[in-house]
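Annotation source TrEMBL lists transmembrane segment at 6-28, 48-69, 81-104, 125-144, 156-177, 197-215, 235-255.
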Amino acid sequence: SDLFNKLTYSFMGIRIVAYTLFFIINGFQTYIEIRKIIKNKPKTTTRFFVFFWMTVFCIFRDIQTAFFYDNHDLGIGTPNFFFFSLGTAAIFLTWIFIHHYWLLIMYKFFISEEVRLNRSKPINYTTFIFSAILIIYQLTVSSITLNKNIDTVESVGFLILLLIYAAIVFFNGYYLLRHLKKHKKSTPFKHFDVMILKTKILLGTLIFVVVTVIVQELVFNMHYTDTYETPRQYLKLFVVGVIEFIQMLVVMLVLSDGDWKCYILFRNVKNHS
């Protein structure tokens, strides 16, 4: 109907505005991190990679949404879906570097000295290798979907990848949380309560994202096999968008110790190192 068409166009317009806003906010923080690296020449930080991939995520979501005005079909095999998949990969990469940070903390502070001295480089190498594999996998699958209909294979592959990776991240995050609680009273480090709270929040967010994404995949892609042939595809896009924004906002607030004003006022994000 005409009313539905107007609502859909408005919804897509709001998406573009929202993702553009967060692209600017995260892009500015990425720019600040790059300036720090150039000026002080430190090693790249977790914060840089997290802000960078959230910026890339917003770019791909903007491009994907813009394609809607040329082609209303959001299904597999369309440019919409291609850029949607790349945006999803950017979310994976954001959490890969959160996981990378957790591993570094564990091996630098809570593992025996003979292990920790030689463990940072392997963690770095493993993280970048896994990131490269993920990017290659997502580009390959997304490119294939432009020419072949492999919606079932794509959905199953995505769920398997999500479950395996989420299990790895959750296990190491939970392991870190146990160490933080155990060593809280016996170490000179400050802000242990803050670190524990942040880790709990991120683990809770991870569980929320995994459960809700699996549910929506089962409902929209497996129960309703005609989702991308009906207006139901826009409901799926809305549900996924809510999940994505929640996890992005949580990560941003954790990085700033809950200080949301620094993002609105375009100030440097500061937190307890």
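Here the Cβ of each residue, glycine as well, is placed from N, Cα and C on the backbone.
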Two-stretch contact, the transmembrane segment (6-28) and the transmembrane segment (156-177), at least three Cβ pairs under 8 Å: no
Cβ contacts the transmembrane segment (235-255)/the transmembrane segment (156-177), at least three under 8 Å, sequence gap 6 or more: no
Contact set, same chain, for the transmembrane segment (48-69): CB under 8 Å, 6 or more residues outside the stretch: 12, 15-16, 19-20, 22-23, 26-27, 29-30, 33-34, 37, 78-81, 83-84, 86-87, 90-91, 93-94, 97-98, 100, 244, 248, 251-252, 255
Outside the transmembrane segment (197-215), six or more residues from its ends: residues with CB under 8 Å to it: 95, 98, 102, 159, 162-163, 166, 169-170, 173-174, 176-177, 180, 239-240, 243, 246-247, 250-251, 254
